[in-house]
Amino acid sequence: MIKIENLTKSYRTPTGRHYVFKNLNIIFPKGYNIALIGQNGAGKSTLLRIIGGIDRPDSGNIITEHKISWPVGLAGGFQGSLTGRENVKFVARLYAKRDELNERVDFVEEFSELGKYFDMPIKTYSSGMRSRLAFGLSMAFKFDYYLIDEITAVGDAKFKKKCSDIFDKIREKSHLIMVSHSERALKEYCDVAIYLNKEGQGKFYKNVTEAIADYKKDL
């Protein structure tokens, strides 16, 4: 279970403070792959970043005993002057045991299919290459929950198939919390849904299709 307790997140703007959400309370139940649904600006991606420890709330708490990934495929944290291999090694030292480090690096190298670019500076990469490296890095470590934000759109048809296959493998032992504009992806990968509604609160649905229907009514 992941419990979101009185979570508030805001940003300062020229016209005043903008609240992404205020005193948000949600329970992500244990044992499910969960679709996170909401209109643009509802705070779906922001919430994933907070749950994954990439962003900080103004106030409130994330309560869980589970090991949670950063948002899968997040490429913004790479150091551009370092090579792909060097970036991967840096992260692997934080998340892998010493005797597993080389195995994790080899996995990312094979999965990302970057060839010689794996040993070239990240600043020479295209956005697609960064995304493939970031996705492979996210998949190299074991988490109880993987946070997925539109990552199913990454790469060509072959790479998308590889992503789909590894999602299926992950779901055998772990779970997903997924944000996607693709109804097909949400229905395929998720069992239940949480809808961030117009009132700024999360409503739980046992059926993803019903959550999508209510979301469409509010458009």
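Keep in mind that glycine also has a Cβ here, set from the backbone N, Cα and C atoms.
The ATP binding site annotation in Swiss-Prot covers Gly38, Gln39, Asn40, Gly41, Ala42, Gly43, Lys44, Ser45. The Cβ of Gln39 (ATP binding site) has Leu196, Lys198, Tyr215, Asp218, Leu219 as same-chain neighbours under 8 Å, each 6 or more residues away in sequence.
The annotation domain 'ABC transporter' is assigned in Swiss-Prot to 2-218.
Every protein chain considered, the tally of other Cβ atoms within 10 Å of the Cβ of Gly43 (ATP binding site) stands at 21. The DSSP secondary structure for Gly38 (ATP binding site) is strand.
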